[in-house]
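Colleague: The structure that follows is given in the form of C-alpha coordinates.
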Amino acid sequence: MKNILVLHTGGTIAMEEEQGFVKQQNDNPLLRFKLPSNEVHLIVENVFHLPSPHMTPKEMLQLQQLIDTRNGIDGVVITHGTDTLEETAYFLDLTVQANIPVVVTGAMRSSNELGSDGLYNFLTAVKVASSEEAKGKGVLVVLNDEIHCATNVTKTHTSNVATFQSPQYGPIGLVTKRGVVFHQAILHRDNYRIHNITKQVLLLKAYAGMDSTMLEIIEQLPVDGLVIEAFGQGNLPPSTVPIIKRLLNKGVSIVLVSRCFNGIAQDVYSYEGGGKQLKEMGVIFTNGLSGQKARIKLLVALEVAATPQELEQMFQH
Ligand SMILES: NC(=O)C[C@H](N)C(=O)O
(Lines of atoms letter the chains of each structure in order from A and count residues from 1; the text may use other names and numbers.)
(Lines give C-alpha, C1' and ligand atoms only; values in the text may rest on other atoms or scores of the structure.)
Protein backbone atom coordinates (compact mmCIF):
# COMPACT_ATOMS: atom_id res chain seq x y z
CA MET A 1 0.00 0.00 0.00
CA LYS A 2 1.25 3.52 -0.87
CA ASN A 3 1.32 6.26 1.74
CA ILE A 4 0.40 9.59 0.17
CA LEU A 5 0.83 12.77 2.18
CA VAL A 6 -1.94 15.27 1.37
CA LEU A 7 -1.22 18.90 2.19
CA HIS A 8 -4.23 21.18 1.91
CA THR A 9 -3.40 24.88 1.53
CA GLY A 10 -6.73 26.47 0.52
CA GLY A 11 -7.99 27.93 -2.77
CA THR A 12 -11.27 27.45 -4.65
CA ILE A 13 -10.93 23.67 -4.22
CA ALA A 14 -11.71 24.31 -0.53
CA MET A 15 -14.33 27.04 -1.08
CA GLU A 16 -18.08 27.31 -1.52
CA GLU A 17 -20.27 29.59 -3.62
CA GLU A 18 -22.93 31.62 -1.85
CA GLN A 19 -25.19 34.21 -3.51
CA GLY A 20 -22.88 34.58 -6.49
CA PHE A 21 -19.67 35.00 -4.48
CA VAL A 22 -17.01 32.40 -3.74
CA LYS A 23 -15.93 32.32 -0.11
CA GLN A 24 -13.68 30.41 2.24
CA GLN A 25 -15.19 27.58 4.25
CA ASN A 26 -14.27 26.55 7.73
CA ASP A 27 -14.17 22.87 6.90
CA ASN A 28 -12.51 21.74 3.70
CA PRO A 29 -14.94 19.42 1.81
CA LEU A 30 -11.98 17.30 0.71
CA LEU A 31 -11.39 16.31 4.34
CA ARG A 32 -14.61 14.26 4.27
CA PHE A 33 -13.55 12.44 1.11
CA LYS A 34 -12.89 8.68 1.25
CA LEU A 35 -10.88 7.07 -1.54
CA PRO A 36 -12.78 4.48 -3.60
CA SER A 37 -9.83 2.05 -3.41
CA ASN A 38 -7.83 0.86 -0.39
CA GLU A 39 -4.55 0.58 -2.30
CA VAL A 40 -3.60 4.07 -1.17
CA HIS A 41 -3.42 5.39 2.36
CA LEU A 42 -3.88 9.16 2.69
CA ILE A 43 -2.15 11.08 5.49
CA VAL A 44 -4.03 14.37 5.46
CA GLU A 45 -2.89 17.70 6.86
CA ASN A 46 -4.56 21.08 6.68
CA VAL A 47 -1.43 23.19 6.42
CA PHE A 48 -2.89 26.56 5.44
CA HIS A 49 -6.30 27.96 4.72
CA LEU A 50 -5.25 30.57 2.18
CA PRO A 51 -6.63 31.82 -1.10
CA SER A 52 -3.58 31.53 -3.33
CA PRO A 53 -3.14 35.31 -3.86
CA HIS A 54 -2.22 35.27 -0.14
CA MET A 55 0.54 32.70 -0.69
CA THR A 56 4.17 33.88 -0.33
CA PRO A 57 7.59 32.21 -0.66
CA LYS A 58 7.55 31.82 3.14
CA GLU A 59 4.64 29.35 2.89
CA MET A 60 6.27 27.70 -0.15
CA LEU A 61 9.42 27.09 1.89
CA GLN A 62 7.30 25.67 4.72
CA LEU A 63 5.77 23.17 2.27
CA GLN A 64 9.25 22.15 1.05
CA GLN A 65 10.40 21.58 4.62
CA LEU A 66 7.27 19.57 5.46
CA ILE A 67 7.91 17.27 2.50
CA ASP A 68 11.64 16.87 3.03
CA THR A 69 11.45 16.14 6.76
CA ARG A 70 8.74 13.50 6.45
CA ASN A 71 9.70 9.80 6.46
CA GLY A 72 7.75 6.85 5.14
CA ILE A 73 5.77 8.56 2.40
CA ASP A 74 5.61 7.44 -1.23
CA GLY A 75 4.17 10.60 -2.73
CA VAL A 76 2.66 14.00 -1.98
CA VAL A 77 -0.50 15.78 -3.17
CA ILE A 78 -0.83 19.50 -2.51
CA THR A 79 -4.18 21.22 -3.00
CA HIS A 80 -3.75 24.89 -3.81
CA GLY A 81 -5.57 27.92 -5.21
CA THR A 82 -5.01 28.18 -8.94
CA ASP A 83 -3.97 31.87 -9.14
CA THR A 84 -0.40 31.29 -7.90
CA LEU A 85 -0.33 27.49 -8.15
CA GLU A 86 2.35 27.57 -10.84
CA GLU A 87 4.70 29.58 -8.63
CA THR A 88 4.40 27.22 -5.66
CA ALA A 89 4.80 24.20 -7.96
CA TYR A 90 7.95 25.67 -9.54
CA PHE A 91 9.39 26.71 -6.16
CA LEU A 92 8.95 23.13 -4.91
CA ASP A 93 10.36 21.75 -8.15
CA LEU A 94 13.52 23.79 -7.58
CA THR A 95 13.91 23.00 -3.89
CA VAL A 96 12.37 19.65 -2.81
CA GLN A 97 15.09 17.05 -2.30
CA ALA A 98 12.92 13.94 -1.72
CA ASN A 99 12.82 11.60 -4.71
CA ILE A 100 9.07 10.93 -4.61
CA PRO A 101 6.24 12.24 -6.82
CA VAL A 102 4.95 15.63 -5.72
CA VAL A 103 1.70 16.67 -7.39
CA VAL A 104 -0.05 20.02 -7.10
CA THR A 105 -3.73 20.36 -7.94
CA GLY A 106 -6.61 22.80 -7.52
CA ALA A 107 -10.05 23.60 -8.90
CA MET A 108 -11.70 26.27 -10.98
CA ARG A 109 -15.19 25.67 -9.56
CA SER A 110 -15.92 25.66 -5.88
CA SER A 111 -17.14 22.55 -4.08
CA ASN A 112 -20.92 23.21 -4.28
CA GLU A 113 -21.00 24.48 -7.88
CA LEU A 114 -22.50 22.46 -10.71
CA GLY A 115 -19.64 20.68 -12.53
CA SER A 116 -17.28 21.24 -9.64
CA ASP A 117 -13.84 19.94 -10.65
CA GLY A 118 -12.21 19.81 -7.20
CA LEU A 119 -12.89 16.24 -6.14
CA TYR A 120 -12.11 14.88 -9.58
CA ASN A 121 -8.82 16.76 -9.81
CA PHE A 122 -7.92 15.63 -6.30
CA LEU A 123 -8.58 12.00 -7.20
CA THR A 124 -6.46 12.17 -10.38
CA ALA A 125 -3.68 13.92 -8.45
CA VAL A 126 -3.66 11.02 -5.96
CA LYS A 127 -3.45 8.56 -8.87
CA VAL A 128 -0.43 10.38 -10.31
CA ALA A 129 1.27 10.76 -6.91
CA SER A 130 0.96 7.03 -6.33
CA SER A 131 2.20 5.98 -9.78
CA GLU A 132 5.76 4.63 -10.14
CA GLU A 133 6.21 6.45 -13.48
CA ALA A 134 5.77 9.87 -11.83
CA LYS A 135 9.02 9.36 -9.88
CA GLY A 136 12.00 11.47 -10.95
CA LYS A 137 9.91 13.91 -13.00
CA GLY A 138 9.98 16.71 -10.49
CA VAL A 139 6.89 18.50 -9.30
CA LEU A 140 3.84 17.86 -11.47
CA VAL A 141 0.66 19.88 -11.90
CA VAL A 142 -2.44 17.75 -12.47
CA LEU A 143 -5.82 19.23 -13.42
CA ASN A 144 -8.47 18.37 -16.02
CA ASP A 145 -6.87 14.94 -16.72
CA GLU A 146 -3.59 16.50 -17.85
CA ILE A 147 -0.14 16.20 -16.27
CA HIS A 148 2.14 19.21 -16.69
CA CYS A 149 5.67 19.81 -15.48
CA ALA A 150 6.11 22.67 -13.05
CA THR A 151 8.58 24.58 -15.25
CA ASN A 152 6.28 25.02 -18.22
CA VAL A 153 2.75 25.09 -16.87
CA THR A 154 0.79 28.33 -16.56
CA LYS A 155 -2.76 29.45 -15.83
CA THR A 156 -4.06 30.63 -19.21
CA HIS A 157 -7.76 31.30 -18.61
CA THR A 158 -9.52 33.09 -15.78
CA SER A 159 -12.35 30.57 -15.34
CA ASN A 160 -12.19 27.65 -17.81
CA VAL A 161 -11.48 24.26 -16.22
CA ALA A 162 -8.87 23.63 -18.97
CA THR A 163 -6.94 26.69 -17.82
CA PHE A 164 -3.59 25.01 -17.08
CA GLN A 165 -1.50 24.72 -20.23
CA SER A 166 2.18 24.37 -21.10
CA PRO A 167 2.38 26.76 -24.09
CA GLN A 168 5.83 25.71 -25.29
CA TYR A 169 5.62 21.92 -24.94
CA GLY A 170 2.11 20.75 -24.02
CA PRO A 171 1.29 18.32 -21.20
CA ILE A 172 3.78 15.54 -20.44
CA GLY A 173 1.09 13.01 -19.61
CA LEU A 174 -2.57 12.16 -19.16
CA VAL A 175 -4.74 10.46 -16.60
CA THR A 176 -7.11 8.06 -18.36
CA LYS A 177 -9.68 5.51 -17.15
CA ARG A 178 -6.94 2.87 -17.47
CA GLY A 179 -4.31 4.75 -15.55
CA VAL A 180 -1.51 7.29 -15.73
CA VAL A 181 0.29 7.68 -19.08
CA PHE A 182 3.41 9.79 -19.66
CA HIS A 183 4.20 10.62 -23.30
CA GLN A 184 6.98 13.20 -22.95
CA ALA A 185 10.28 13.15 -21.11
CA ILE A 186 11.40 15.97 -18.84
CA LEU A 187 14.27 17.74 -20.62
CA HIS A 188 16.03 19.44 -17.76
CA ARG A 189 15.47 20.20 -14.09
CA ASP A 190 17.30 22.48 -11.72
CA ASN A 191 17.37 21.55 -8.06
CA TYR A 192 18.92 23.42 -5.15
CA ARG A 193 19.13 22.90 -1.42
CA ILE A 194 18.06 26.05 0.42
CA HIS A 195 17.34 26.76 4.08
CA ASN A 196 15.82 30.21 3.92
CA ILE A 197 14.47 32.92 1.63
CA THR A 198 16.04 36.22 2.55
CA LYS A 199 16.29 38.25 -0.67
CA GLN A 200 14.02 40.89 -2.15
CA VAL A 201 13.31 40.21 -5.84
CA LEU A 202 10.92 42.33 -7.91
CA LEU A 203 9.24 41.77 -11.27
CA LEU A 204 8.73 44.47 -13.89
CA LYS A 205 6.96 44.22 -17.23
CA ALA A 206 8.00 46.30 -20.24
CA TYR A 207 5.37 48.25 -22.20
CA ALA A 208 5.45 50.57 -25.20
CA GLY A 209 6.32 54.05 -23.98
CA MET A 210 7.79 52.78 -20.70
CA ASP A 211 10.00 55.43 -19.16
CA SER A 212 12.34 55.36 -16.19
CA THR A 213 9.71 56.06 -13.47
CA MET A 214 9.35 52.52 -12.12
CA LEU A 215 13.08 51.84 -12.25
CA GLU A 216 13.77 55.10 -10.40
CA ILE A 217 11.43 53.94 -7.63
CA ILE A 218 13.11 50.52 -7.55
CA GLU A 219 16.49 52.26 -7.24
CA GLN A 220 15.37 53.72 -3.90
CA LEU A 221 14.40 50.30 -2.47
CA PRO A 222 16.50 47.61 -0.77
CA VAL A 223 16.41 45.25 -3.74
CA ASP A 224 18.67 42.23 -4.39
CA GLY A 225 17.23 41.12 -7.70
CA LEU A 226 14.98 42.27 -10.51
CA VAL A 227 13.32 40.27 -13.27
CA ILE A 228 12.29 42.23 -16.34
CA GLU A 229 9.79 40.88 -18.85
CA ALA A 230 11.24 42.56 -21.92
CA PHE A 231 9.94 42.87 -25.48
CA GLY A 232 10.31 40.23 -28.21
CA GLN A 233 13.79 38.73 -28.38
CA GLY A 234 14.93 40.73 -25.34
CA ASN A 235 14.77 44.50 -25.88
CA LEU A 236 13.78 47.50 -23.76
CA PRO A 237 13.06 51.20 -24.36
CA PRO A 238 16.21 53.37 -24.37
CA SER A 239 15.02 55.40 -21.36
CA THR A 240 15.50 52.37 -19.12
CA VAL A 241 19.19 51.84 -19.98
CA PRO A 242 20.93 54.40 -17.68
CA ILE A 243 19.07 53.19 -14.58
CA ILE A 244 19.60 49.52 -15.40
CA LYS A 245 23.33 50.36 -15.57
CA ARG A 246 23.17 52.04 -12.15
CA LEU A 247 21.25 49.13 -10.60
CA LEU A 248 23.80 46.64 -11.95
CA ASN A 249 26.66 48.75 -10.58
CA LYS A 250 24.95 48.73 -7.18
CA GLY A 251 25.04 44.90 -7.30
CA VAL A 252 21.38 44.28 -8.13
CA SER A 253 21.08 41.05 -10.17
CA ILE A 254 18.91 41.63 -13.23
CA VAL A 255 17.37 38.72 -15.13
CA LEU A 256 15.62 39.26 -18.46
CA VAL A 257 12.88 37.07 -19.94
CA SER A 258 10.71 37.82 -22.94
CA ARG A 259 7.10 38.86 -22.46
CA CYS A 260 6.36 36.54 -25.44
CA PHE A 261 5.58 33.11 -24.02
CA ASN A 262 7.19 31.26 -26.94
CA GLY A 263 10.72 31.48 -28.33
CA ILE A 264 14.17 32.51 -27.23
CA ALA A 265 15.40 35.83 -25.78
CA GLN A 266 18.91 36.65 -26.96
CA ASP A 267 21.32 39.46 -27.84
CA VAL A 268 20.14 40.02 -31.43
CA TYR A 269 19.40 43.75 -31.69
CA SER A 270 22.15 46.33 -31.41
CA TYR A 271 20.08 49.54 -31.13
CA GLU A 272 19.89 51.53 -27.86
CA GLY A 273 18.09 49.28 -25.34
CA GLY A 274 18.48 46.27 -27.64
CA GLY A 275 19.50 42.82 -26.37
CA LYS A 276 23.17 43.25 -27.38
CA GLN A 277 23.62 46.33 -25.20
CA LEU A 278 21.68 44.84 -22.26
CA LYS A 279 23.70 41.64 -22.32
CA GLU A 280 27.02 43.49 -22.54
CA MET A 281 25.97 45.57 -19.51
CA GLY A 282 25.55 42.39 -17.44
CA VAL A 283 21.82 41.65 -17.69
CA ILE A 284 21.31 37.87 -17.45
CA PHE A 285 19.19 36.46 -20.29
CA THR A 286 17.15 33.35 -19.57
CA ASN A 287 14.70 31.23 -21.53
CA GLY A 288 11.79 28.89 -20.98
CA LEU A 289 10.55 30.76 -17.90
CA SER A 290 7.75 33.29 -17.49
CA GLY A 291 8.46 36.44 -15.50
CA GLN A 292 6.82 35.04 -12.37
CA LYS A 293 8.82 31.81 -12.56
CA ALA A 294 12.10 33.58 -13.30
CA ARG A 295 11.41 35.62 -10.16
CA ILE A 296 11.00 32.42 -8.10
CA LYS A 297 14.23 31.08 -9.58
CA LEU A 298 16.12 34.30 -8.83
CA LEU A 299 14.85 34.22 -5.21
CA VAL A 300 16.22 30.69 -4.87
CA ALA A 301 19.40 31.28 -6.91
CA LEU A 302 20.40 34.29 -4.82
CA GLU A 303 20.40 32.02 -1.74
CA VAL A 304 22.73 29.56 -3.45
CA ALA A 305 25.09 31.38 -5.84
CA ALA A 306 28.44 32.40 -4.34
CA THR A 307 29.45 34.69 -7.24
CA PRO A 308 27.74 36.65 -10.06
CA GLN A 309 29.28 34.17 -12.53
CA GLU A 310 27.70 31.27 -10.68
CA LEU A 311 24.36 33.09 -10.66
CA GLU A 312 24.56 33.66 -14.43
CA GLN A 313 25.45 30.00 -14.97
CA MET A 314 22.32 28.95 -13.08
CA PHE A 315 20.18 30.72 -15.68
CA GLN A 316 21.90 29.25 -18.73
CA HIS A 317 19.62 26.28 -19.34
N1 LIG B 1 -9.46 28.76 -8.75
C2 LIG B 1 -8.84 29.28 -7.71
O3 LIG B 1 -8.38 28.55 -6.86
C4 LIG B 1 -8.69 30.78 -7.68
C5 LIG B 1 -8.61 31.40 -6.30
N6 LIG B 1 -8.70 32.84 -6.42
C7 LIG B 1 -7.27 31.05 -5.63
O8 LIG B 1 -6.26 31.04 -6.28
O9 LIG B 1 -7.26 30.84 -4.45
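Counting begins at 1 with the first residue displayed.
Backbone N, Cα and C define each Cβ position, glycine as well.
From TrEMBL, here are the annotated features:
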- 3-185: domain 'L-asparaginase N-terminal' (DOMAIN)
- THR12: active site (ACT_SITE)
- THR82: active site (ACT_SITE)
- 200-315: domain 'Asparaginase/glutaminase C-terminal' (DOMAIN)
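Situate these features within the shown structure.
Modeller: The Cβ of THR12 (active site) has 26 other Cβ atoms within 10 Å, all protein chains considered. In the three-state DSSP scheme, THR12 (active site) falls into the helix class.
Cβ contacts within 10 Å of THR82 (active site), excluding its own Cβ and spanning all protein chains shown: 24.
Residue counts for the domain 'Asparaginase/glutaminase C-terminal' (200-315) under DSSP, split into helix (H, G, I), strand (E, B) and coil, are 47 helix, 21 strand, 48 coil.
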Colleague: What is the interatomic distance between the Cα atoms of THR12 (active site) and THR82 (active site), given in whole Å?
Modeller: 8
